[in-house]
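Q: One structure follows; several queries about it will come next.
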Amino acid sequence: MKRTIIMMLDSFGVGAAHDAEAFGDVGSNTFGHIAKACAEGKANDGREGPLKLPNLARLGLGHASKESTGEFPAGFGDDVEVIGAYGHADELSSGKDTPSGHWEMAGVPVLYEWGYFSELTNSFPQALTDKILARAGLTEFLGNCHSSGTVILDELGEEHMRTGKPIFYTSADSVFQIACHEESFGLEKLYELCIIAREELADYNIGRVIARPFVGTGPGSFERTGNRRDYAVEPPAPTVLDKLKAAGGEVVSVGKIADIYAHCGITKKVKATGLEALFDATLEQVKLAGDNTIVFTNFVDFDSHYGHRRDVAGYARSLEYFDSRLPEILALLDEDDFLLLTADHGCDPTWPGSDHTRERVPVLAYGAGLEAGSLGLRSSFADMGQSIASYFKLEPMEYGESFIR
């Protein structure tokens, strides 16, 4: 029985990419800087001491990081019996965003430039917002700027609730984000507004419109909910997910995977919110999975809760929780199964600002007849997609070199 389980640790980079200078990210290292802060006692909120990831270390995480940066992260070394194949990958895609990383690892790099709203204030063209408002039956909106999602709620959440004006904002990514209160504005109304925005953005080449529903009564109590939706453009070519689906296989999305791929190549969607629930849902879907199935989970909290918010201790806590549950996944694997752990970009919680960082990502592969040891530097995330295609004996992808023979 052939099954692939992909666990995407959203934003868990292992050191600056070869082209990090073009992004202002030379020296960024999500994993390494978290480990360093833990070793120095600077990440003791809700945990303490060195970063403890024994199961990820056995899969080769520390070794992959050393190959990427030239040194082991603090607290990691070669005194571990590695049971998996490990490597690190550079990105071909032009951006350091979520769709680019996900699509490329599924065999389809983004070799064109996304559109961006680069102005920090007055970020959106008035012609665009006028059309969105007119179609939605609204007259005004709030925001029109770059912001972190939690900051803008404290700044504008009360005014939004009082006036009913939606909050439009963006970031360094190719996104148009809309935040609205679930109760005072309404969840379905927010989704309808996002669909309108998605349609009106067709000429702007924006990767995603993101619905950001929240609850609460005032600054300090506002909280984003698990009802986020991403309205992405479709990948520019069929991914390995599409190819497996076309061949009669099953592709199970856990969490926001389906949204990231614009629901292309997905046969089943499982909703889950939060690290614990996402892990539980992954376990359940692996138990249910039959032959020729991909179970694909995005563990978004690493990025959204801790990377962007520059919360080193929170990131470390969540990594340690994730690591503690890995034996549950390993226990479910059959001899022929293929487990793949990776990331889509970096988001170094020690880095200035609140945006993603251009980093190499870990490639931790277990099963599928792979011998334990180094896979080296992969020149593209697409090597993972090509390897999945090879594993399922699908038609080869245009990009990537398989590490499964």
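Backbone N, Cα and C define each Cβ position, glycine as well.
Below are the features listed in Swiss-Prot for this protein:
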| type | residues | note |
| --- | --- | --- |
| BINDING | ASP10, ASP344, HIS345 | Mn(2+) 1 binding site |
| BINDING | ASP303, HIS308, HIS356 | Mn(2+) 2 binding site |
Q: Taking only the Cα atoms, work out how far HIS345 (Mn(2+) 1 binding site) lies from ASP303 (Mn(2+) 2 binding site), in Å, as a whole number.
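A: Computed Cα spacing between HIS345 (Mn(2+) 1 binding site) and ASP303 (Mn(2+) 2 binding site) is 9 Å.
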Q: Could you round the CA separation between HIS308 (Mn(2+) 2 binding site) and ASP10 (Mn(2+) 1 binding site) to a whole angstrom and send it over?
A: 11
Q: Where does ASP303 (Mn(2+) 2 binding site) sit in the DSSP three-state scheme?
A: helix
Q: Relative to the mean position of the Cβ atoms of ASP10, ASP344, HIS345, the recorded Mn(2+) 1 site, which additional same-chain residues have Cβ within 8 Å?
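A: My list of surrounding residues reads MET8, LEU9, SER11, PHE12, THR98, GLY101, HIS102, ASP303, ALA343, GLY346, CYS347, HIS356, VAL361.
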Q: Quick one: pull the CA-CA distance for ASP344 (Mn(2+) 1 binding site) versus HIS356 (Mn(2+) 2 binding site), whole Å only.
A: 10
Q: Taking only the Cα atoms, work out how far HIS356 (Mn(2+) 2 binding site) lies from ASP10 (Mn(2+) 1 binding site), in Å, as a whole number.
A: 10
Q: What is the interatomic distance between the Cα atoms of ASP303 (Mn(2+) 2 binding site) and ASP10 (Mn(2+) 1 binding site), given in whole Å?
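A: Computed Cα spacing between ASP303 (Mn(2+) 2 binding site) and ASP10 (Mn(2+) 1 binding site) is 6 Å.
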Q: Reduced to three states, what secondary structure does DSSP give HIS308 (Mn(2+) 2 binding site)?
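A: Its secondary structure by DSSP: coil.
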Q: Quick check: which same-chain residues outside ASP303, HIS308, HIS356 lie with their CB within 8 A of the centre of the Mn(2+) 2 site CB atoms?
A: ASP10, SER11, SER304, GLY307, HIS345, CYS347, SER354, ASP355
Q: I'd like to know which of these binding-site residues, ASP10, ASP344, is least surrounded, judged by other CB atoms within 10 A.
A: ASP10
Q: Output the one of HIS308, HIS356 that, of all these binding-site residues, has the highest number of other Cβ atoms within 10 Å of its Cβ.
A: HIS356
Q: Would you mind pulling the DSSP three-state label for HIS356 (Mn(2+) 2 binding site)?
A: coil
